[in-house]
Amino acid sequence: MEPISIAMIADFFHPDVGGVEGHIYMLSANLIRMGHKVIVITHSRPPDRVGIRWLLPGLKVYYLPFVTIASGATLPNFFTFLPYLRTILIREHVHLIHAHASLSSLGHEGILHSHLMGVRTVFTDHSLFGFEDAASILTNKLLAGTLRNVDAVICVSHTGRENTVLRGELFEQSEDDPPRLVVSSNVYVIPNALVSKRFQPGLLQKSDTITIVVLSRLAYRKGIDLLVATAPRICAAFPNIRFLVGGDGPKLIDLLQMREKYLLQDRIELLGPIKHNDVRSVLIRGSIFMNTSLTESFGIAILEAACAGLYVVSTRVGGVPEILPEDMISFADPNEDDVFRAVSEAISLVSAGKHDPIKAHERVKRFYDWAQVAERTERVYHTVMKSEQRDLWDRITRTMRLGRYAGPIYTIILLVDCLFFLFLEWWMPREDMDFVTHHWNHRRFASATRGL
Amino acid sequence: MSTKIPPWEKVLWKNQPYPDNYIPEGALESSLRKNPNFKPYTYWPLVHLSVAITQHLATIFIFLSVFVRLKDRSLDPRVLIFVSLGCFFVGYFVWEVLQYTQSFGGGSKHGTKRNERMKTLKSSILIFLALMSLSPVLRTLSAATSSDSIWALSACLFLLNILLADYGSSSSVAQARPERLTSVLSMNAAISSSVVLASRLSNDLAVFALIQFSVQSFTLFPMLRRRLQVPMQALLTFALSISSLILAVPLSSTITFLFLLVLLAITFLAPAVLVWAQKYKNEIRGPWDVAVPKVN
């Protein structure tokens, strides 16, 4: 494929830490390695992450001055992003934008504006949402409005795809008789990956104690109630079991109380918050990884644990059943008895020596690889670039079909956006812009830093 | 190499010979469940549940009619005081009877019961005296505010009271729930509303009678109401509705008609609408929903 210029847009990016942030960085780095030019557009983190920054390997990051409202997301306001985005996309000669995460309003706005500059759009959804509460209903409608005119959608798991298709109304009436609803052909599934080199299994140490590792945010959604209920039972049933719990959150108190109540201070070790760099060193201290999440789109933590050679016990929720073959993971229904059963089975399996960490690591290494993910994403970009762009009238008719009330509202936003764009074309003409002519030169960087 | 393509699997770890946007026929529907724990409502049980709202509304209507009569001096405040005292004793008697019949197997000690009764007596006398001494203050508290503002304020407060009131029932003693914040707020809204209304009355005795009546009908009566059993509930609803209408008739026929309409709509029409609207219920569930952990 011809090298193209890609802009990743998301509210969530470095220096924040998380699944989406890591995904964007790794994908960008691998796309750069394949010869594409990639920039990232996100909001600023005052006082020090403002303006334009470079990250290795030659990833340019635009930190735009937007104020965040909650958990690192900006307020959706539909128009204020356009002046910045127009300037950046034109200066950088961007062909395609790739927006991430359905709660990132920067990403939504990017998809809304890009067609004005003739830039193509791809969207990646990272999370699962329900349909029942008021917040979900509102964000789902917002998502449906945005995804009406997107060129391609990527989901991180098959369960995630089902969810996104329903939330974003990404299906069409087929032409056969009687008409059926068919999922649009521009919805792809490309999983996350992990850097398997960073999760080498540790050396085997012969000892009778088996350590169960739990690494998670200690919150309700991560099923800490199940952990609190089962840990004392496991400790009582197996005297050679120790627990290692890493993470912080509102449910920490429950864990502390449980430990106090059952006098398990010497069996359950609480490590507090763990930096991502230290995850491996915690993982290799144990041989079983326990995940009690109540909802999980992909479950990268499980993958990291499996890669580090741990046997995994997890609740059967969301996309977790898809990520590993059945013989590397034990599933439990989200109730106390079944989690206890699954952990007991895992303990007997591990103590019988039937789980080989080195072999597990080799297998996971083959399953997931960022270079492969970047290749598959590039194929999506290629398909998008080849396809014809929708014209404005097509966009208006598609938007109007969104619903009796939502349709006209989104159409008005679309039209006002066009007028705003025309105003900007007159106010800040393209001829006056400073175009980017110099790109990252890794050889020069290497020679310049050699002396340091 | 075999020419046969292996069937598609819903897994991510395998590199499958299918494009990334491939979805097999029916894969979307297979994991989707519509209305999984759907229990259709039937009409009469809903009417039963709506009775609590009707009672609450009727109480407010009665209170308003009483207030109007006190304001235009067609009702002697002393009569109101005696009537509400009578209601208090009747209500207390009913409460005791319910306590006796419902906690039959409970086996609570005789001594603690007597203690509780003494406590109740003490606090009711205290409230009685406090209200009496405070009534001049309450009368002049918002006297400087214009009547228009008072009507608007009290209407808003009563609306708040209706919206936040606790309409649940706890017929058995064992399930006596702790008061929730909303129901406490609701009670406070009703009392505040009667306090601002009291400023429109002409003498202290009338103020005292009104506040006392409001305390009884908005704090004590709902407690009693929740304990009543089904046949009693129906009877009580009927009695309250009829008395609210009878009290409203001499004031204005339009108001009476409005009261009647509201009471009928809440009791009979609203459940019917809910039963009818169920056919539009479309709840989608799938593997993405947050699981509910079951802990023994």
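Glycine residues also receive a Cβ, built from the backbone N, Cα and C atoms like all the rest.
On a predicted model such as this, the values are computed, not experimentally measured, just so you know.
Feature annotation from TrEMBL assigns domain 'PIGA GPI anchor biosynthesis' to A:47-133.
Taken from TrEMBL, the feature transmembrane segment covers A:62-85 (among others).
For the domain 'Glycosyl transferase family 1' (A:204-347), the mean pLDDT of the prediction comes to 91. The domain 'Glycosyl transferase family 1' annotation in TrEMBL covers A:204-347.
The feature transmembrane segment is assigned by TrEMBL to A:405-424 (among others). Same-chain residues lying 6+ beyond the ends of the transmembrane segment (A:405-424) with a Cβ under 8 Å from its Cβ atoms: 78-79, 82-83, 86, 112-113, 116, 141, 144-145, 148, 392, 395-396, 399.
Residue counts for the domain 'Glycosyl transferase family 1' (A:204-347) under DSSP, split into helix (H, G, I), strand (E, B) and coil, are 62 helix, 31 strand, 51 coil.
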